[in-house]
Amino acid sequence: MPSIFSYQSAEVDWCESNFVRSAVIAEYYNTDGTSLFSFLLLTPLNCLVLEGAGMGSVACGRMELCRLKVSLLLAGLFSMYFHMTLSYVGQLLDELSILWTLAVAYSFWYPQCYFPKCIKTRRHFFWLTGITTIISTLMSFVKPTLNAYALNCIAFHLLYLTWRELKKCKDKRVHRMAAVMVMWWVLAITSWISDRWLCWLWQAINFPYFHSFWHVLIAMSLLYCCPLVIYFDVNYEMPSFKPKLEYWPSDSWPIVVPYVTLEEPHKQC
């Protein structure tokens with residue numbers, strides 16, 4: 001019986017042919033920088049822009065954003081390890097790092113107005129999220145091939161929450177940023193499904209690289225998702241401030257990094 005650390009011991013294998021370009025990297029394009037640069041480069045870039053915009057001392061004062069950034073970086077590293085080895089351990093680390101990143105995001109930023117009626121405080125919600133995460137982690141070992149589908153389904157709940165928040169928001173820049181985020185997500189999930197379900201077609205035309213596209217596209221979606229989360233969080237947690245979405249280096253550039261600034265506090269009546 002092969003070790004759980006052995007190459008190709010995972011229950012999942014993606015469409016890209018294995019060990020074609022390297023004797024030590026199973027899926028070259030799913031591993032190299034063209035696919036995972038998004039997590040290892042765009043994530044710290046976004047964090048640096050937030051710090052430069054002055055958000056570090058306000059929206060990130062409780063270190064929630066930094067924890068999320070660390071989780072995303074770990075997800076990128078574990079994904080690189082998984083696609084390099086296709087090992088059982090790599091598969092679980094890849095999937096569980098995404099689960100734990102979602103748990104961090106839900107714990108700190110899930111709006112209190114959407115809490116279940118039995119949950120009265122953020123501390124109680126921490127416990128609920130923690131217990132749910134532990135149970136989900138244990139269940140991940142039962143049928144690892146289903147983990148990726150379950151994790152992708154969580155996106156529909158996040159999209160539903162975004163829709164609920166947009167109904168209460170009149171800012172056109174927020175709606176536009178949300179639309180761009182959804183666009184990148186649709187392209188990403190289309191690439192992921194295509195790689196899983198139409199692999200025979202892509203191999204027939206010698207273009208089995210849609211999972212590497214997924215890595216880049218989902219990271220682009222997250223690049224727009226993070227400022228939206230901060231924007232809504234500021235509205236809930238710091239109602240005296242008015243958040244505003246901006247783009248670095250400029251709105252007119254074709255490639256930009258979105259971030260949030262805080263305008264002068266509202267005058268209290």
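For all residues, glycine too, the Cβ spot is worked out from N, Cα and C.
Here's what TrEMBL has on this protein:
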{"type": "BINDING", "residues": "ASP13, TRP14, GLU16, ASN18, GLU27", "note": "Ca(2+) binding site"}
{"type": "TRANSMEM", "residues": "36-58", "note": "transmembrane segment"}
{"type": "TRANSMEM", "residues": "70-90", "note": "transmembrane segment"}
{"type": "BINDING", "residues": "HIS83, HIS211, HIS215", "note": "Zn(2+) binding site"}
{"type": "TRANSMEM", "residues": "96-113", "note": "transmembrane segment"}
{"type": "TRANSMEM", "residues": "125-142", "note": "transmembrane segment"}
{"type": "TRANSMEM", "residues": "148-163", "note": "transmembrane segment"}
{"type": "TRANSMEM", "residues": "175-193", "note": "transmembrane segment"}
{"type": "TRANSMEM", "residues": "213-234", "note": "transmembrane segment"}
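Closest to GLU27 (Ca(2+) binding site) in space, going by CA atoms and restricting to the binding-site residues HIS83, HIS211, HIS215, is HIS83.
Counted as Cβ pairs under 8 Å, contacts with the transmembrane segment (148-163) are highest for 175-193 among 96-113, 175-193, 213-234. TRP14 (Ca(2+) binding site) counts 24 other C-beta atoms within 10 Å of its own C-beta, drawing on all protein chains shown.
Of the listed binding-site residues, namely HIS211, HIS215, the sparsest CB environment within 10 A is found at HIS211. Every protein chain shown contributes to the tally, and the Cβ of GLU27 (Ca(2+) binding site) ends up with 27 other Cβ atoms within 10 Å. Rounded to a whole value, the Cα-Cα separation of TRP14 (Ca(2+) binding site) and HIS83 (Zn(2+) binding site) is 9 Å.
ASP13 (Ca(2+) binding site) counts 14 other C-beta atoms within 10 Å of its own C-beta, drawing on all protein chains shown.
Within the same chain, residues at least six positions away from ASN18 (Ca(2+) binding site) with a Cβ under 8 Å of its Cβ are GLN8, ALA26, GLU27, LEU86.
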